[in-house]
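Quick notes on the structure that follows.
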Amino acid sequence: MDNPARKQRGAEKTARIPIKIVPAERLKKPDWIRIRLGAGAEAERFNEIKQTLREHKLHTVCEEASCPNIHECFGKGTATFMIMGDICTRRCPFCDVGHGRPEPLNPNEPTDLARTIAAMRLNYVVITSVDRDDLRDGGAQHFVDCIRETRAASPSTTIEVLVPDFRGRMEIALEIFNQAPPDVMNHNMETVPRLYKQARPGADYAYSLRLLKEFKAGHPDVLTKSGLMVGLGETDDEILDVMRDLRAHDVDMLTIGQYLQPSGGHLPVLRYVHPDTFKMFETEALRMGFRNAACGPMVRSSYWADQQAHGAGVV
């Protein structure tokens, strides 16, 4: 029997999703999939960032989601902070973040986060979170508290938030964000609508699009952003259709990257997309009117987020 208080990962986490994972032959990684390990000064900076995070009892999605770019990003002194704990209330079978019953919110986290960002002298920061379906506002007020504290401690720091879908709490969450909107509002669509039941149990494609559009309607000067994975069984045409939907919902920025299976208990990789196809996605995105598009095998939602925001005119 599941122990909801224990953090579940891999096969244990995905054992109870509605559509079971169908095993597939493991594909050989092509030459263009390369995980970069830091060395020298970059390795020292990597260890320094990890130590700083542990000292302040903070989590990063870089670590919790086993991001392949962690050595490069930490080595450059950048990190995507994950607030509200490291236990998610969802069981998405592409994601390596643990599932279970989350701990109560830490009221000191916004201040601790702001102090850490100030100590690291970050010009650009991404703040994300686990899903918190146990909270009445989905965690929106905690996001706003983190934005406020960070702005107070680091007025020149640009803040991007990567938010969950606030399922059943959208209106409450959007009203709360009126208190202190971020500089960039990011919510990932993740995949095409046909694959939502398999890849995003508990989420709804149209609902996620509406979240992005309604935030933009309330804050037309704040850039909106979304990200997609490829390799889950979608077609190129389906990806292009999602891109059109995003533009129709006034989304400004786009990321598309290759899905990599975190473990045998997660969804398998069904195809490796060639860099030429990523280039096609990027070209089409700009033609559709996205202000910036980052598309490539190792691109992740917050990978080089500062450079993407600069390209879109935010910083």
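First residue shown is number 1, and so on along the chain.
Glycine residues also receive a Cβ, built from the backbone N, Cα and C atoms like all the rest.
Note that the structure is a prediction, hence the values are computed from the model and not measured.
What Swiss-Prot says about this one:
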- CYS62, CYS67, CYS73, SER302: [4Fe-4S] cluster 1 binding site (BINDING)
- 74-291: domain 'Radical SAM core' (DOMAIN)
- CYS88, CYS92, CYS95: [4Fe-4S] cluster 2 binding site (BINDING)
Spacing of the two Cα atoms, CYS95 ([4Fe-4S] cluster 2 binding site) and CYS67 ([4Fe-4S] cluster 1 binding site), in whole angstrom, works out to 10
Here the Cα-Cα span from SER302 ([4Fe-4S] cluster 1 binding site) to CYS92 ([4Fe-4S] cluster 2 binding site), rounded to a whole number of angstrom, reaches 19
Rounded to a whole number of Å, the separation of the Cα atoms of CYS92 ([4Fe-4S] cluster 2 binding site) and CYS67 ([4Fe-4S] cluster 1 binding site) comes to 16
Note: in the chain of CYS88 ([4Fe-4S] cluster 2 binding site), residues six or more apart in sequence with C-beta under 8 angstroms of its C-beta are CYS95, VAL97, GLY98, HIS99, GLY100, PRO102, VAL130, ASP131
Within 10 angstroms of the C-beta of CYS92 ([4Fe-4S] cluster 2 binding site), the count of other C-beta atoms across all shown chains comes to 23
